[in-house]
Amino acid sequence: MISVEHVSKRYLTRQGWRTVLHDISFKMEKGEKIGILGRNGAGKSTLIRLISGVEPPTTGEIKRTMSISWPLAFSGAFQGSLTGMDNLRFICRIYNVDIDYVKAFTEEFSELGQYLYEPVKRYSSGMKARLAFALSLAVEFDCYLIDEVIAVGDSRFADKCKYELFEKRKDRSIILVSHSHSAMKQYCDNAMVLEKGHMYQFEDMDKAYEYYNSLP
């Protein structure tokens with residue numbers, strides 16, 4: 001279970017304190033799939049970072065009784081001066097997983113070939129996303145965080161990613177941030193709309209989109 005209890009997040013800017021999330025509360029059970037809608041700047045990515053544990057909330061509490069992934073295809077945590085393989089080894093140590101399995105899976109799934117042995121700073125954005133997605137799936141989690149529908153290059157590779165995540169791991173929990181109505185209806189059970197840091201919950205996906213589309 002993930003329990004978000006009266007969570008707020010604010011940052012100190014040059015103009016003073018800016019509140020990004022206001023008193024957000026919701027619960028997510030194991031196996032549940034939730035979609036999050038919101039305009040740019042609504043606080044979606046901030047909420048994802050808080051749920052994953054990358055950042056703490058300013059106030060409130062997030063309780064987790066299941067393992068949670070980092071945002072899929074997020075490559076911001078890679079050390080650019082290290083090779084893809086060195087980054088892989090580092091992640092294996094952090095999560096205490098079998099390096100031989102993760103290496104074999106990543107080599108096959110990412111299709112990066114010898115680039116795995118090159119510094120990540122030389123990768124294109126698509127190559128970084130491939131490595132990040134492969135590592136996200138090589139380390140098994142109870143809940144996967146997806147910030148926007150999978151976009152990692154060619155459609156064949158994207159289809160492979162979707163099969164691994166939504167078919168082979170269809171028993172897992174998912175929090176999906178997306179602007180795509182079709183993706184939400186296909187992959188999620190219900191939806192929440194973030195508007196200027198405030199959360200509105202909907203059990204009916206169409207009503208969530210109706211409200212979302214009414215926003216200025």
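Easy rule for this one: first residue shown is 1, then count along the chain.
The backbone N, Cα and C atoms fix where each Cβ goes, and this holds for glycine too.
Annotation comment: Swiss-Prot describes Gly38, Arg39, Asn40, Gly41, Ala42, Gly43, Lys44, Ser45 as ATP binding site, evidence class sequence analysis. Within the same chain, residues at least 6 positions away in sequence whose Cβ sits under 8 Å from that of Gly38 (ATP binding site) are Lys44, Val177, Val193, Leu194, Glu195, Tyr212.
Per Swiss-Prot, domain 'ABC transporter' is recorded for 2-215.
Around Arg39 (ATP binding site), the C-beta neighbours below 8 angstroms that are at least 6 residues distant in the chain are Glu195, Leu215. Secondary structure at Arg39 (ATP binding site), as computed by DSSP, is coil. Sorted by the number of other CB atoms within 10 A, the binding-site residues Asn40, Ser45 start with Asn40, the lowest. Within 8 Å of the centroid defined by the CB atoms of Gly38, Arg39, Asn40, Gly41, Ala42, Gly43, Lys44, Ser45, the record's ATP site, lie the Cβ atoms of Leu194, excluding the listed residues themselves.
Listed binding-site residues: Gly41, Ala42, Gly43, Lys44. The one with the lowest count of other Cβ atoms within 10 Å of its Cβ is Gly41.
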